[in-house]
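What TrEMBL annotates here:
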DOMAIN    2-290  domain 'Ammonium transporter AmtB-like'
TRANSMEM  6-24  transmembrane segment
TRANSMEM  31-51  transmembrane segment
TRANSMEM  57-80  transmembrane segment
TRANSMEM  87-105  transmembrane segment
TRANSMEM  111-132  transmembrane segment
TRANSMEM  153-169  transmembrane segment
TRANSMEM  181-202  transmembrane segment
TRANSMEM  236-254  transmembrane segment
TRANSMEM  274-292  transmembrane segment
Amino acid sequence: FQDVNHMVIFGFGFFLTFLKRYGFSSTGFNLLIVVLGVQCSMLTEEFIIIISHPPFFYCSITSAAVSMTAVLISTGAVLGKANPLQLILMAVVEVIFFHMSRWINTTFLQVPANVSMMHVHLFGAYFGLAVSSCFSEPPPRSEKNASTPKSDLLSMLGTLFLWVFWPSFNSVLTVSGKRKAIYNTYFANAASTVTAFVLSALTTENGKFRMTHIRSAVLTGGIAVGYTAHSIDHPWIAMILGLLSSVITILGSYCSQRCLNPALKIHDTSGIHFTFGLPGVLGALAQVVLLVI
């Protein structure tokens, strides 16, 4: 629980500080959303347990903290555009809808409880994009979109927090195969990190690393392997997932920013679509393939 708590408060709090005008909005409002959302998540889970017999999963503060990842991912899409009241309303509504989605997956699709919780990345990314489409897009060279070396450094600090604690995140709700989940998450994150540095140097004109690529792609291995971390028996499978997720993230950032976002009129402030959404899709497809095999 302490590792997950560090992730959602320190990790995501600093991860979204790359905008120089919204550093307090990221760290301060992040804490407000987390503590409010955990309470709403506990109440929602308790209500579902009361009305469902037998209960489809147990109610715990750890699972409530894990579910808050969806809300924090969605916050990245509307950072700088939503006021605190709108963020609070989004958090409450999203927590309720996320648990309804999880109940449907667990009850009707027979998805295991720990695997159903890993939908936080997909749900948070696309819920955030849907909310972001309701706000107007700021001008391309607006002061709201600017960052500074200090804000980028703090954002990278949040990335390091998330990277360190991601194995605990993927294994905390796993009943069997917890050691596998820890190992496979680490291998996948390690592979995605190496791939991110290589592709960042290859896709820039002067061959230098772009911290935007590094910040977005080093975490994607843990996201992609989240569904299958407890069941993968060979580390090379986790490494391949980490490599593919990093490739999809860096190449997908170009496609989504140039083609997809303008066509759908979506302004994704922190790039949650290619940081969390696309790797989540890859992880879900990997889960289906491994189940078929």
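Cβ coordinates come from backbone N, Cα and C, glycine included.
Note that TrEMBL annotation is computational and uncurated.
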Candidates 31-51, 87-105, 111-132, 236-254; stretch with most C-beta pairs under 8 Å toward the transmembrane segment (57-80): 111-132
CB contact flag for the transmembrane segment (111-132) and the transmembrane segment (274-292), at least three pairs under 8 A: yes
Within-chain partners of the transmembrane segment (153-169) [C-beta distance under 8 Å, separation at least 6 from its ends]: 3-4, 6-7, 10-18, 23, 66, 69, 181-182, 185-186, 189, 193, 211, 214-215, 218-219, 222, 226
Which residues, given as numbers and ranges, are at least 6 beyond the ends of the transmembrane segment (236-254) yet have a Cβ under 8 Å from it? 183-185, 187-193, 195-196, 199-200, 203, 212-213, 216-218, 220-221, 223-225, 228-229, 271, 273-275, 278-279, 282-283, 286
Residues sitting near the transmembrane segment (6-24): Cβ under 8 Å, six or more positions beyond its termini, same chain? 30-31, 34, 65, 68-69, 72-73, 75-76, 79-80, 143-148, 150-152, 154-155, 157-159, 161-162, 165-166, 168-169, 215, 269-270
Contacting positions for the transmembrane segment (181-202) when only residues 6+ beyond its ends and CB under 8 Å are counted: 163, 166-171, 174, 208-210, 213-214, 216-222, 224-226, 228-230, 232, 235, 237-243, 245-247, 249-251
